[in-house]
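What follows is a structure written as structure tokens; I'll ask about it next.
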């Protein structure tokens, strides 16, 4: 199989990974609040369950990234991380108690740490000018999962049967469903994912191959010229060159003429190689001179990390409070929340497509500034209207829709620009170790 086909299948598998992560989020999030209520959990358990998933992903991300940075491979890491997703979702399906449910999100969150290795792999295998487009496409796959996920809840909420000692209902079915999907993804990674070499290495290999071919052609031409010269050379040299009849010819003159000719031929065929660098230069390595402080405590890096932290904090806070809020003010159930998440997925996918188009025409820092401006406006709106909703049901619903719309609208701008800029302002060797930050 050629490299181009392997690259397409590998990128397709990466898209499936992010698609399933979005589906898992959209399938579980609309039902987890009611699920915890059936297990007599306190309201704060909703925040614990959602934070547990992100916490273990935060802790496992740098470990997986360091593993990928040391081995320059990601396939084994993805296969290993998916095991935690499978086990965690099966624990969620069991659902004997609120503590088991909390533990299931802790275990499943470990699997999300492989995302740092995947982003590092994408950084190594794409050119800088194409990076924003590739990252936008990968993130759009996750948002497509957020769009498709609520549709699965439409039929998962109809489940009501037993598998041995386990009860399959509208609350436990998402865990079993995601467990089966992650198992299928394991097979896709095994047969459709390859650890591709960086494009620079591929180009260097191709250039060295073409250069060796050119050298062989040049040598062939030189040999042909020498053979032609031998054929045209007379059997005896002229008297002007060899000396007149009866005169004494010194051997040095003939030897000098022959050595000059041979030296010219040798110099023409094999030019002198460049001298070896001194031992001190060869022993020095940029890895030894690398400093984490100089790498991450720079203004541009701190700004990008701060933008990512604030945006994700606002997004997680909104997702945590949106289901209790809709239940309190609008009496929404699982179906209504699923439809809401589906509409948000449509908005985000449209946003990623627009950002992909926009990033090819304006600078990425402009895209980041637009996203942060939208997020600031949404925070001010939510602070004024959602903290204490005003008016009757129509006004409250309108205020809620506008606040959620603005918050979701700014996500694609910040996410794509932040990841792309982060990969350009940091060293390539840190892309895996720092991938959990993006």
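Every residue gets a Cβ built from N, Cα and C, even glycine.
Since the structure is predicted, the reported quantities are computational estimates derived from the model, not experimental observations.
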Can you say which of 170-201, 202-233, 298-329, 330-361 is given as region 'Disordered' in TrEMBL?
202-233
When you get a sec, could you say which of 17-36, 77-96 is annotated transmembrane segment by TrEMBL?
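Matching range for transmembrane segment: 77-96.
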Choose the correct range: of 102-122, 249-269, which one does TrEMBL annotate as transmembrane segment? Give that range.
102-122
Look over the recorded stretches 42-65, 77-96, 134-155, 301-318, 400-422 and say which has the most C-beta pairs under 8 A to the transmembrane segment (338-359).
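It is 134-155, which has the most Cβ pairs under 8 Å.
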Which listed range (42-65, 77-96, 102-122, 175-194, 301-318) shows the maximal number of Cβ pairs under 8 Å with respect to the transmembrane segment (366-388)?
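Counting Cβ pairs under 8 Å, the winner is 301-318.
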Take a look at 102-122, 134-155, 175-194, 301-318 and tell me which one has the most Cβ pairs under 8 Å to the transmembrane segment (400-422).
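Between the stretches 102-122, 134-155, 175-194, 301-318, 301-318 has the largest tally.
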